[in-house]
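A.B. asks: Here it is, the structure, as structure tokens.
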């Protein structure tokens, strides 16, 4: 009932809009007559002609958006019928209503609107979110299907139709060989809009999708060249075409394809370079992405190059650097705006395909020509796919099976590109233009509606491998990366230049030159693989702790940090004794659960729950993100408020990374004093004298105020100077509560921040004589001056490291020493 109630208002609004649009000419005429009759000053006037064009555009966009809402009210319909087919049917209905109200087809899909305003957002979205590795790994197969396959389809379709025409089955038509080849060139290309609309709903495997979709993108160069060549031949006449013109056509293919690709790469380089310097103008970052990408499309059109290839490779080449340079808010804006524009353009295209088909002036019917075109397009597509796949499987590591070939043959959809190209034909030169237009509309409707309806059941019946939408695990990433290096090494040793070798060389070139030029220094460091792996491991540790606590039903994972075996911890609430089992005691227990006043807990007799509250408070104080006072920003159209989540992630990562690195340095500093060290006692004494001579008075300046640094000191600089001011200025302005103690000479333990590995947790402090030892990696005659942190805090001894214990939190909180005296008084309950 709710679905029907939701559909009623939408359909009523759609009908009202269509009727209003149908009555627009009458309204305009009535307004003109009314304006001629009335004289004098008018308070309010009706100026429809002043807003007619933008108003109609806004109404059609609204109608298209409401149509998508109506379609998705019923999941059963959209799961069976593709959205593109529903939009075409809706366009036919709306076009019929407009034609009945106005008696002429007022609205059609013109080539100018399609190529300059509707197609660019769809192709840019496809290129910007293209899986680059998958695309370039299958680039050879994609190029073969796009170039050879398109030429094959165009030639075989045109020649077959011409042969049937010579037999006299089609009747008398004013068409020659060049006209048939021209029609074959425009009807042979697979349409990227139709492929995206259908294959995204089918969810085939990634390799199959990228081959079909990549073919639909890259065959634009072949289609444009063939279309222009045969159109020029038709204009010149068959008698005037020479061999030089044919050679020029072949050269034109390479110029158009390579030139369009080069234009896209140049604009991608420019876009990446511009976004590197947009730190202080974050608000306009998304504008650069859309404007520069669109300029690449227009520039290629201006130079008569492949505009689709230009904007596709612009998106492919710039995505890595742009995503690293722009802020998180800008990246989100670009992502959603690009998806919105692409989805809206796709909706308008299919709807206007249906609306344009109701124009009676464009229809010329020839049954034999239409049916034979459908037959030849389908049959020669299948033959071409089988022949090319047989050739590719001799060299491909991952074979394309027969089931994949069936889906590829069936997925050769035609769409609005073919309709726009046939609409551009000159009726004076091509006498049967209306026949070509009518046949193209039938082919588009057949492939989008019929094949779109049946491709999903076909995929299910053939049991085609489907795509898996999941994030690969860290172990899978590491193994995949290791296999890449192994395969690259094998190709290098054997002297073969394969895609693994080329990918490795390109990665080195990108890391050494392109990333340094097009990417900010902070982005280069934040994208470091080792830091990313560390971040994922740290996040995995934190999730495991929280999951364990939720599974146990309490916060027991932070109750007893000194427990050796977490399995023996009793996570249940301790049972009160007979004396304490009173109502007043229970009330006090309930109140203490929310009491955060540590002084009141210290002054009174603490129960087991109070002790747990103290431990929980100190642990959360140590590991959680430092709260800050919120401050309101004044409105500004040029500056966005800083992202608290982004700063929080960076600070937690920096603090955790600092703690881990300190643990690693501590482990490295005392790795096994060698048994042979006693033989070099004199050399050590000399080195110690040299080291003491470099320190004033032979003592460490612990009283110097320069070493009273807080743990917020920037030891681990992961951002360049241009990134630092925002982060630390916001921290200064926030004036938050300081949870971390200052490191002075009286502090014996650093406050760790983040999840710590128990392998690096010491059992006891180190003797002060550690500074007098010579690290084992130094030669007998060398000496080293301790760093500031080593002077402030003595590193941990490697001899006191525990062996690998059950996973738990570190107990090295500064505040946790307050509970040292009460450890024996309130022991944790354990399972016996």
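A Cβ is built for glycine as well, from the same backbone N, Cα and C atoms used for every other residue.
Per Swiss-Prot, the features are:
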TOPO_DOM  30-50  topological domain 'Extracellular'
TRANSMEM  51-73  transmembrane segment
TOPO_DOM  74-81  topological domain 'Cytoplasmic'
TRANSMEM  82-101  transmembrane segment
TOPO_DOM  102-110  topological domain 'Extracellular'
TRANSMEM  111-128  transmembrane segment
TRANSMEM  132-167  transmembrane segment
TOPO_DOM  168-180  topological domain 'Extracellular'
TRANSMEM  181-202  transmembrane segment
TOPO_DOM  237-243  topological domain 'Extracellular'
TRANSMEM  244-278  transmembrane segment
TRANSMEM  281-303  transmembrane segment
TRANSMEM  306-322  transmembrane segment
TOPO_DOM  323-329  topological domain 'Cytoplasmic'
TRANSMEM  330-358  transmembrane segment
TOPO_DOM  359-366  topological domain 'Extracellular'
TRANSMEM  367-388  transmembrane segment
TOPO_DOM  389-401  topological domain 'Cytoplasmic'
TRANSMEM  402-425  transmembrane segment
TOPO_DOM  426-432  topological domain 'Extracellular'
TRANSMEM  433-466  transmembrane segment
TOPO_DOM  467-832  topological domain 'Cytoplasmic'
MOD_RES   554  phosphoserine
MOD_RES   562  phosphoserine
REGION    575-589  region 'Interaction with EZR'
REGION    590-667  region 'Interaction with NHERF4'
REGION    591-696  region 'Interaction with AHCYL1'
MOD_RES   592  phosphoserine
MOD_RES   607  phosphoserine
MOD_RES   663  phosphoserine
REGION    664-706  region 'Disordered'
MOD_RES   719  phosphoserine
MOD_RES   813  phosphoserine
MOD_RES   816  phosphoserine
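Are these features on the surface or tucked inside, and what touches them?
C.D. replies: When the topological domain 'Cytoplasmic' (74-81) is classified with DSSP, helix, strand and coil residues number 6 helix, 0 strand, 2 coil.
If one looks beyond the transmembrane segment (111-128) by at least 6 residues along the same chain, the residues whose Cβ comes under 8 Å of a Cβ in the stretch are 192-193, 196, 213, 217, 290, 293-294, 297-298, 301, 307-308, 311-316, 318-319, 334, 338-339, 341-342, 344-346, 348-349, 416-417, 420-421, 423-424.
Nonlocal intrachain contacts for the transmembrane segment (132-167), taken as residues 6+ away from its ends with a CB within less than 8 angstroms of a stretch CB, comprise 173, 175, 177, 180-185, 187-190, 206-207, 210-211, 214-215, 217-219, 222-223, 226, 316, 319-320, 368-369, 372-373, 376-377, 380-381, 383-385, 388, 391-392, 396, 400, 408, 499, 503.
Sequence-distant contacts of the topological domain 'Extracellular' (168-180), counting only residues of its own chain at least 6 positions beyond either end whose CB sits under 8 Å from a CB of the stretch, comprise 158-159, 161-162, 230, 233-234, 238, 241, 366, 368-369, 372, 430-432, 435.
Below 8 angstroms of C-beta separation, residues 82-84, 119, 122-123, 126, 150, 153-159, 161-162, 209, 212-213, 215-217, 219-220, 222-223, 226-227, 230-231, 233-234, 308, 346, 349-350, 373, 377, 411-418, 421-422, 425, 430, 436, 439-440, 443-444, 447-448, 451-452, 455-456, 459 of the same chain, each at least six residues beyond the ends of the transmembrane segment (181-202), sit close to that stretch.
For the topological domain 'Extracellular' (237-243), the DSSP-based tally of helix, strand and coil residues reads 4 helix, 0 strand, 3 coil.
Panel annotation: around the transmembrane segment (281-303), residues 115-116, 120, 123-124, 128, 259-260, 263-264, 266-268, 270-271, 274-275, 309-311, 314-315, 318, 322, 326-327, 329-330, 333-334, 337-338, 637-640 of the same chain, lying at least six beyond its termini, place a Cβ under 8 Å from a Cβ of the stretch.
Remote same-chain residues near the transmembrane segment (306-322) are listed as 115, 119-120, 123-130, 132, 135, 192, 217-218, 220-221, 224, 256-257, 259-261, 263-265, 267-269, 271-272, 275-276, 289, 292-294, 296-300, 334, 514-515, 518-519 (criterion: CB distance under 8 Å, separation of at least six residues from the stretch ends).
Regional average pLDDT for the topological domain 'Cytoplasmic' (323-329) in the model is 88.
Cβ atoms under 8 Å from those of the transmembrane segment (330-358) belong to residues 60-61, 63-65, 67-68, 84, 87-96, 98-99, 105, 107-109, 114, 117-119, 121-122, 124-126, 128-129, 193, 196-197, 282, 285-286, 289-290, 322-323, 415-416, 419, 441, 444-445, 448 of the same chain, restricted to positions at least 6 beyond its ends.
Here the topological domain 'Extracellular' (359-366) has Cβ contacts under 8 Å with residues 95, 99, 105, 108, 170-171, 173, 432, 434-435, 437-439 of the same chain, all six or more residues outside its ends.
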A.B. asks: I'd like the per-state residue tally for the topological domain 'Extracellular' (359-366) from DSSP, helix first, then strand, then coil.
C.D. replies: 3 helix, 0 strand, 5 coil
A.B. asks: Between the stretches 244-278, 367-388, 433-466, which wins on the count of C-beta pairs under 8 angstroms to the transmembrane segment (402-425)?
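C.D. replies: Of the candidates 244-278, 367-388, 433-466, 433-466 scores highest.
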A.B. asks: In the same chain, which residue numbers or ranges, 6 or more beyond the ends of the transmembrane segment (244-278), come under 8 angstroms Cβ to Cβ?
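C.D. replies: For the transmembrane segment (244-278), the nonlocal Cβ contacts are 221-222, 224-225, 228-229, 232-233, 236, 284-285, 288-289, 292-293, 295-296, 299-300, 303-318, 321-322, 325-326, 517-520.
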A.B. asks: Please give the sequence-distant neighbours of the topological domain 'Cytoplasmic' (389-401): residues at least 6 beyond its ends with Cβ less than 8 Å from one of its Cβ atoms.
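C.D. replies: Those are 140-141, 144, 207, 211, 408, in sequence order.
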